[in-house]
């Protein structure tokens with residue numbers, strides 16, 4: 001193998017640049033040429049390929065986002081479009097492709113491997129932490145720290161004004177950001193897709209807190225359950241005198257300098273991706289499980305089901321009495 005390519009696909013996540021850096025520097029260390037594909041699969045289809053060298057990845061370790069940029073590519077579901085992507089790989093002599101992204105990105109890599117025998121390696125990069133085969137994804141820790149910073153600041157003003165605050169965080173189908181940030185931020189209630197909840201239980205908890213002299217109430221809501229305005233309306237219907245505000249954190253969760261954990265994880269995964277290609281292993285997704293870097297067959301990895309950490313959720317309820 002002489003030349004490898006790398007792309008970032010789907011939603012961006014802090015730490016993607018650290019992974020790109022690791023792939024490029026490890027590849028060069030082993031004597032490989034490294035090509036960058038701009039704008040994910042869309043750029044692969046449209047032949048947006050650049051050369052990457054040591055200078056290309058200098059001073060990016062600490063930066064959020066992705067220097068290769070990213071884009072959605074619905075057209076990639078069509079085989080004739082994927083053929084164009086394969087032709088781009090052939091044109092540039094790319095023998096192995098590293099894909100950084102989430103579930104949809106890996107399914108694209110899976111199809112390239114199945115249809116055109118492309119050597120592919122997946123690196124999980126998404127703030128949602130919803131990839132079944134790995135304990136943590138690149139970007140998750142940074143996103144949680146961003147949310148915690150917001151919770152801390154909102155609590156300051158909530159205490160001053162004796163208010164309740166709803167903080168809506170990302171997570172359409174997975175509530176890991178809500179769970180981890182809610183637990184670490186001391187939320188009175190965490191509302192997420194994986195667990196049933198009761199509006200009456202929430203309002204009873206707020207009422208009890210007021211009676212015992214509590215000055216603030218923090219409710220962390222995953223966006224996939226409902227919107228913050230909808231939840232606020234439900235609460236106000238039951239507690240009309242409650243001073244209630246809501247904050248939708250939105251895309252602030254995707255930006256910012258990656259944490260130490262995300263930088264280290266991305267560096268490990270990026271380096272391992274190159275090593276797997278040099279070992280002639282393909283159709284693999286790299287993961288971290290039990291603090292060890294491992295890899296799985298892409299078909300098996302995509303068929304896994306992520307087990308929700310019920311113990312952490314129960315702990316959050318115990319600690320929020």
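A Cβ is built for glycine as well, from the same backbone N, Cα and C atoms used for every other residue.
Residues annotated as active site, proton acceptor in Swiss-Prot, with sequence analysis given as evidence: 128. Annotation note: residue 128 (active site, proton acceptor) sits in a coil segment as assigned by DSSP.
According to Swiss-Prot, the ATP binding site annotation covers 11, 72, 73, 102, 103, 104, 105, on the basis of sequence analysis. Cβ neighbour count for residue 103 (ATP binding site): 17 (other Cβ atoms within 10 Å of its Cβ, all protein chains included).
For residue 25 (ADP binding site), the same-chain residues that are 6 or more apart in sequence and have a Cβ closer than 8 Å to its Cβ are 54, 57. Per Swiss-Prot, the feature ADP binding site maps to 21, 22, 23, 24, 25, 155, 186, 187, 188, 212, 214, 215, 216; the stated evidence is sequence analysis.
As annotated by Swiss-Prot, substrate binding site applies to 126, 127, 128, 163, 170, 171, 172, 223, 245, 251, 252, 253, 254, with the evidence given as sequence analysis. Sequence-distant contacts of residue 245 (substrate binding site), defined by Cβ-Cβ distance under 8 angstroms and a gap of at least six in the same chain, are 158, 163, 164, 165, 166.
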>> For residue 21 (ADP binding site), which of the three DSSP-derived states applies: helix, strand, or coil?
In response: helix
> If you measure from the C-alpha of residue 170 (substrate binding site), which of the recorded positions 23, 104, 105, 128, 186, 214 fall inside 10 Å?
Replying inline: 128
> Are any of 72, 102, 172, 214 (the binding-site residues) within 10 Å of residue 128 (active site, proton acceptor) when you go C-alpha to C-alpha, and if so which?
Replying inline: 102, 172
> Measuring Cα to Cα, how many angstrom lie between residue 105 (ATP binding site) and residue 126 (substrate binding site)?
Replying inline: 11
> Can you tell which of the binding-site residues 21, 72, 104 lies nearest to residue 172 (substrate binding site) in space, using Cα positions?
Replying inline: 104
>> I want the residues beyond 11, 72, 73, 102, 103, 104, 105 whose C-beta is within 8 angstroms of the mean position of the ATP site's C-beta atoms, in chain order.
In response: 9, 10, 40, 101, 108
> Using Cα coordinates, what distance in whole Å links residue 102 (ATP binding site) and residue 21 (ADP binding site)?
Replying inline: 19
